[in-house]
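Structure, as structure tokens:
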Amino acid sequence: MRIRLATNNPYKLAEVSHILAPFCIEVERLDAEKVEIQHDDVVVIARKAAEFLCSRYGDFVVVDDTGLYIEALGGFPGPYAEYVYRTIGLKGVLKLLEGAADRRATFKCAAAICIGGRVEVFVGEVRGYIAHEPRGRGGFGYDPIFIPEGMTATYAELGEEVKNKISHRAKAFSQLGAWLTNRNLFK
């Protein structure tokens with residue numbers, strides 16, 4: 001089986017490929033124009049992007065959108081996590097949290113696939129908290145500052161093998177993989 005993931009992020013492509021490998025699903029990168037949908041819900045963003053890209057590129061197009069919701073910041077950056085990361089980076093986010101006792105955060109990923117004009121969305125969520133400083137060398141994006149609930153290590157410290165089993169993206173894409181496998185869509 002093969003799906004096409006709309007991303008320009010090589011780390012995300014590798015991560016999704018690793019997550020879907022047990023389902024015997026190959027992931028190739030779809031070189032598509034970036035779809036900018038402004039909404040405060042990653043599910044809506046992923047759904048609309050999948051609809052648009054499916055109309056342009058056909059079936060088995062997959063889009064994911066991720067948000068990081070930090071309690072002390074009223075849910076900021078939410079679905080604007082990528083933009084915030086590019087503009088102020090981890091140091092900027094940590095500066096916003098200076099003096100904050102409540103460092104709880106939730107990572108949410110919505111993975112949407114379009115087949116026959118119909119979009120299915122799968123959501124993965126991980127609760128945790130924001131570290132006081134970046135830790136670890138693995139992963140990408142917010143991985144050095146996000147500590148999943150019940151753990152003491154950041155995603156970056158956990159290593160790829162562990163992260164790809166417990167992350168918000170792993171939860172969303174594992175659901176997508178199971179859904180595709182159960183429907184025998186590739187036979």
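Every residue, even glycine, has its Cβ placed from backbone N, Cα and C.
On a predicted model such as this, the values are computed, not experimentally measured, just so you know.
Per Swiss-Prot, active site, proton acceptor is recorded for Asp65. Cβ neighbours within 10 Å of Asp65 (active site, proton acceptor), excluding its own Cβ and spanning all shown chains: 27.
In the three-state DSSP assignment, the secondary structure recorded for His168 (substrate binding site) is helix. Under the heading substrate binding site, Swiss-Prot lists Thr7, Asn8, Asn9, Pro10, Tyr11, Lys12, Thr66, Phe140, Gly141, Tyr142, Asp143, Lys163, His168, Arg169, citing sequence analysis as support.
The number of other CB atoms found within 10 A of the CB of Glu36 (Mg(2+) binding site), across every protein chain shown, is 7. The Mg(2+) binding site annotation in Swiss-Prot covers Glu36, Asp65, and the record cites sequence analysis as its basis.
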Next item on the list: Within 10 Å of each Cβ, count the other Cβ atoms and name the one among the binding-site residues Asn9, Thr66 with the highest count.
Entry: Thr66
